[in-house]
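Visitor: I'd like to ask some things about the structure below.
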Amino acid sequence: MDGSASFARFSSPCGVCVDGEGSIIVSDTYNHKIRKISTGGIVSTIAGTTAGWQDGSGSDNLFKFDCPAGICLDHEGNIIVADNYNHKIRMISRSGVVSTIAGTTAGYCDGIVMKDIKFNAPWGACIDDDGN
């Protein structure tokens, strides 16, 4: 549930980071959402509905995550999400577009193109000084 911080409900929040405006970004893991707590104490859903997988854009907020875990912000303010049960690393752009940047299905494979990499339930996300 969105609304004031005193009424909003989270289910096993996991990842937390702070954006350039001082808002707190939270991966609300078992609600399958990425949410924002504004500096004024208002909680809103950035992306996510129910468990599943769907990239896209638009105001209907139909993008789906399955137990999002670690999150971070890149140097451009995009939110990077470890989408745990979808075995993907996903990005929410500043304009609200959700896309998969790495990962296909569960497994293990490295040394290939990012989209073809396999993760087994990624839990964390971070960005280095070079933007990787």
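Placed from the backbone N, Cα and C atoms, the Cβ positions cover glycine too.
Dumping what TrEMBL says about this protein:
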| type | residues | note |
| --- | --- | --- |
| REPEAT | 10-40 | repeat 'NHL' |
| REPEAT | 65-95 | repeat 'NHL' |
Visitor: Are there residues at least 6 beyond the ends of the repeat 'NHL' (65-95) whose Cβ is under 8 Å from a Cβ of it, and what are they?
Guide: 14-17, 19-20, 25-30, 32-34, 46-48, 51-53, 55, 57, 101-107, 118-127, 131
Visitor: Please give the sequence-distant neighbours of the repeat 'NHL' (10-40): residues at least 6 beyond its ends with Cβ less than 8 Å from one of its Cβ atoms.
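Guide: That would be 2, 46-52, 64-73, 77, 79, 81-82, 84, 92, 124-125.
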Visitor: Please count the residues of the repeat 'NHL' (10-40) that DSSP assigns to helix (H, G, I), strand (E, B) and coil.
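Guide: Summed by class, the stretch gives 3 helix, 16 strand, 12 coil.
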